[in-house]
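Chemist: This is the feature table in Swiss-Prot:
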BINDING   ARG68, THR69, ARG118, HIS148, GLN151, GLY277, PRO278  carbamoyl phosphate binding site
BINDING   LYS96, ARG181, ARG236  L-aspartate binding site
Amino acid sequence: MQHQRNPQLNGQGELIHLLSIEGLPRDIVTHILDTAANFVSVNDREVKKVPLLRGKSVFNLFFENSTRTRTTFEIAAKRLSADVFNLDITRSSASKGESLLDTIANLSAMAADLFVVRHSESGAPYLIARHVAPHVHVINAGDGRHAHPTQGLLDLYTIRHYKKDFSQLTVAIVGDMLHSRVARSDIHGLITLGCAEVRAVGPRTLVPADMAQMGVRVCHQLQEGIEGADVIIMLRLQNERMSGALLSSSQEYFKSFGLTPEKLQLAKPDAIVMHPGPINRGVEIDSAVVDGRQSVILPQVGFGIAVRMAVMSIVAGNEACGH
């Protein structure tokens with residue numbers, strides 16, 4: 001057995017599972033973004049289908065709800081001509097006590113080729129990837145607080161689309177870092193692509209102490225965090241993951257860390273504003289910014305389909321044995 005081999009890559013260094021942006025070589029990240037650029041044009045055509053996954057079965061296994069992420073994966077798979085199956089796990093065998101690996105084994109017996117997995121436990125997609133047959137691929141659609149690699153990739157794609165050269169950019173990520181798998185994926189991706197400066201911005205209770213070890217500049221004041229920024233990524237306040245008194249109130253949060261048109265003037269004049277969604281208007285971001293000229297939030301959602309098409313087509317085209 002090879003020492004510390006990246007479980008996402010085969011022996012030839014090709015991507016066979018997408019579990020995390022962390023540890024992916026820069027050339028693979030760039031290849032995904034380049035492939036996504038080709039698929040953006042497919043999504044603009046009258047006939048939006050390509051036959052790359054014809055005859056393949058894609059199972060969306062969402063142990064945690066997310067209508068939008070699941071829908072974009074479903075659209076992406078269908079545009080690649082795959083057969084798509086959505087499993088509402090909360091109402092199926094898993095709720096009756098069947099173990100995660102039993103569920104996977106049973107679905108594998110139905111000739112699954114690709115599992116898209118969202119799970120509240122960090123590491124669940126890794127566990128599945130270790131136990132599937134060599135021809136089966138796993139894509140992490142979000143695991144606990146750990147990672148959300150396709151959201152990270154679509155954020156990178158959006159930044160590259162509007163700003164081109166990462167080595168010249170200052171990117172501020174603002175909000176609830178403590179619970180955000182998107183923030184972690186964005187940070188790993190930005191650092192991999194050579195971003196000049198990444199700032200983690202938020203109150204002390206929501207920006208973990210270990211953030212600085214990831215190579216980011218930690219800022220506990222919004223004004224300092226977004227001053228001179230080229231890109232601002234606003235994060236949703238994740239009330240469903242919060243326990244204890246991390247915040248006094250959403251009104252207080254908006255006063256200190258909510259992005260308003262006035263505060264946005266501290267950033268570069270051509271700065272873009274992003275948000276992975278869903279948006280809490282009036283909590284982390286003002287409606288005038290969401291709907292304003294510097295917002296790229298809607299195009300960001302559209303790019304998600306092309307990025308997920310790219311990931312699925314790349315992993316499904318590579319065999320685990322390296323053939």
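Backbone N, Cα and C define each Cβ position, glycine as well.
Provide an account of the burial state, proximal residues and distances for the features listed.
Modeler: Reduced to three states, the DSSP call for PRO278 (carbamoyl phosphate binding site) is coil. Long-range Cβ proximity for PRO278 (carbamoyl phosphate binding site), meaning a same-chain Cβ under 8 A and a gap of 6 or more residues, is found for ARG68, ARG236.
Contacts of ARG181 (L-aspartate binding site) defined by a Cβ separation under 8 A and a same-chain sequence distance of 6+ are given as GLY142, ASP143, GLY144, ARG145, HIS146, ALA147, HIS148, in order along the sequence. Following the DSSP three-state reduction, the secondary structure of ARG181 (L-aspartate binding site) is helix.
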Chemist: With a radius of 8 angstroms around the mean position of the C-beta atoms of ARG68, THR69, ARG118, HIS148, GLN151, GLY277, PRO278, what other residues of the same chain does the carbamoyl phosphate site pick up?
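Modeler: Going along the sequence, the neighbours come out as SER66, ALA141, GLY142, VAL182, PRO276.
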Chemist: Look up ARG68 (carbamoyl phosphate binding site) in the DSSP assignment and report helix, strand or coil.
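Modeler: ARG68 (carbamoyl phosphate binding site) sits in a helix per DSSP.
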Chemist: How many Å separate the two farthest-apart Cα atoms among the carbamoyl phosphate-binding residues ARG68, THR69, ARG118, HIS148, GLN151, GLY277, PRO278?
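Modeler: About 16 Å separates the two most distant Cα atoms.
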Chemist: Judged by the number of other CB atoms within 10 angstroms, which among ARG68, ARG118, HIS148 is the least packed of the binding-site residues?
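Modeler: Candidates: the binding-site residues ARG68, ARG118, HIS148. Fewest Cβ atoms within 10 Å: ARG68.
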Chemist: Are there residues of the same chain, six or more positions away from THR69 (carbamoyl phosphate binding site), whose CB falls under 8 angstroms from its CB, and which are they?
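Modeler: When sequence neighbours closer than 6 are ignored, THR69 (carbamoyl phosphate binding site) has PHE62, ARG118, ALA141, GLY142, THR150, GLN151 within Cβ distance under 8 Å.
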